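Copied over from TrEMBL, here are the features:
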TRANSMEM  35-55  transmembrane segment
TRANSMEM  61-79  transmembrane segment
TRANSMEM  91-109  transmembrane segment
TRANSMEM  143-162  transmembrane segment
TRANSMEM  191-210  transmembrane segment
TRANSMEM  230-249  transmembrane segment
TRANSMEM  261-280  transmembrane segment
TRANSMEM  292-310  transmembrane segment
TRANSMEM  322-343  transmembrane segment
TRANSMEM  355-375  transmembrane segment
């Protein structure tokens, strides 16, 4: 606060000039206000630890208020700034308000290591972003790229639409409901597949003939190199990290429970962020298509974030599955609309009837995703009943096609029930 007020060109505690009939250095006053709230937060921290009277959680609440105030000041500061300045500070606002929401949750979920790690990560991003300037670039869409990304999400949606119903049925019939070794193997397998697809996506985006080949900036042309590919590389990078966290979470390192869901949620949020900040220029239909896609992305991200705290909740898992199926099929639709595989121009970007139809088509895609989900759930139920009728006390568990005995706490699986000493 002292630095903001008493630098040579600072306001020196003058808020209004009677001579000029104008406010004095409002930017410095905004920063002073921000530091004031952080100072109050520090005072509350001290009193919380030296006094028994201050309610538990008030320190986190005060810090959350300080971060919210910072975000509000930044928001109203950049409303009339140049476009690039607005863009930079809009990205900063995402980090600020994410941190504020995380700290607000800590008021009620004290000492939650996942929230604390998330807050630390957001703070690092926020600090680094003050030094970073980014330039936007148009992102044309190709059919092959949309199809590959759509296939990635659709495969995971199909896998989950079979796995989660089986897991739910197994939990209903098993009172202990303890995660078995087989379930952990499935989680590790998922993480490895996710990491493999993401790494393949990074290599494809970077090393195709027209790719940037790891060159971000060209000294010759003094411009960014193929930001389209770099954007998608960034997206795949976060899914790669999510896959690695999945694997490590079920290793002997024993990471905090929920960190795998948090990393997947962050990957989806990053994907949605990149989609929202495309430069579509005058391609209104392109913008509309990706706005609908962003709805599916952020819905899945919020659902996955809830799973950090509501682990193994079948409704949340089902909704996440439907969002992945929708996202995968809609990416294919985007490819057909903007870059038809048979060649020729894409759909008319100015025909308003295309907007109406595609909005309706998006709803059809979600209806189809729900139909696939319902069909796979019904099939899983039938398979589970069939296996129980055939093998008696054998329970279906999606572990590379194996069946395990109910109540068996060991990690071994069996294709047939073991014979007992009572068999005649």
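Cβ coordinates are placed from backbone N, Cα and C, and glycine is handled just like the others.
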Where among 91-109, 322-343, 355-375 do we find the most Cβ pairs under 8 Å to the transmembrane segment (292-310)?
322-343
Near the transmembrane segment (230-249), which residues from the same chain, at least 6 beyond its ends, have a CB less than 8 A from one of its CBs?
139, 145, 149, 187-188, 190-199, 201-202, 205-206, 212, 216, 224, 255, 259-260, 263-264, 266-267, 270-271, 274
Please give the sequence-distant neighbours of the transmembrane segment (261-280): residues at least 6 beyond its ends with Cβ less than 8 Å from one of its Cβ atoms.
87, 91, 94, 114, 118, 136-139, 231-232, 234-235, 238-239, 241-242, 245-246, 286-287, 290, 293-294, 297-298, 300-302, 304-305, 307-308, 311
